Amino acid sequence: MNRGARAPAWLWVAIGASGALAVAGAWGEGPTALHYLFKPLTTLLIAGGLWRHRDRADGGYAHRVLVGLLLSTVGDIALMFPGDACFMIGLGAFLLAHLAYWSAFRRRLKSVAGRGPQWPWLAYVAVAAAVLAVLWPHLPGALQAPVLAYIAVLVAMAASATQAWRRVGGAAGFAALGGLSFVVSDASLALDRFVAPLPAAVLLVLASYWFAQALIARSGMSERDAG
């Protein structure tokens, strides 16, 4: 079976350059055309790289991750605009993206016998509780239930990624690190938006976000060299 070929180095360079332009476009007084163009483009580059270099021996996994990346692009676009309505659209898109990722990680976890370790759930629930303790008093009432639902799905995604890594090993480790990076990005975004401005928030949030997306995509790519 054709398993596809390993992603070339230039793909990751292009993704990094696109992300850097998106960050540069959001720095200073406010978003510029650079940000509006390169923010969704960076995520689409990651999605395109996954599609081109996906591991065809486990296409179902890569397809689920691809769905998550496309939903994330919708979230990227929504969160570029102000207002609670756009925030809710973005939140919903990313919630669905995390469900797609969770489905992929569960698929990988079920490919081996036995249950994964439970400590990832305990660890991520503890982190979520700590962030919520700080965030909750600052959340508008209308956003409390949606944010709580989102955090629950984020925890499930990240914990399942780590479980799959501990049971399967190999490329699942990329997804586990990606899940952790997603938690860092989303926690930073929430604290910066609702609690208090964070130093270099744009860089922190977006760098950890695309690091997460790239790692999750990498977990579905081929390990084989071209040719």
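Keep in mind that glycine also has a Cβ here, set from the backbone N, Cα and C atoms.
All annotation found in TrEMBL is predicted automatically rather than curated by experts.
Annotation source TrEMBL lists transmembrane segment at 7-27, 87-105, 117-136, 142-161, 168-188, 194-212.
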Ask   = What same-chain residues lie close to the transmembrane segment (117-136): Cβ under 8 Å, and 6 or more beyond its ends?
value = 144, 147-148, 151-152, 154-155, 158-160, 162-163, 166-167, 183, 187, 190-191, 194-195
Note = Spatial neighbours of the transmembrane segment (142-161) not adjacent in sequence (6+ beyond its ends, CB under 8 Å) are 84, 87-88, 91-92, 94-95, 98-99, 101-102, 105-106, 109, 116, 120-121, 123-125, 128, 131-132, 135-136, 172, 175-176, 178-180, 182-183, 186, 190, 216
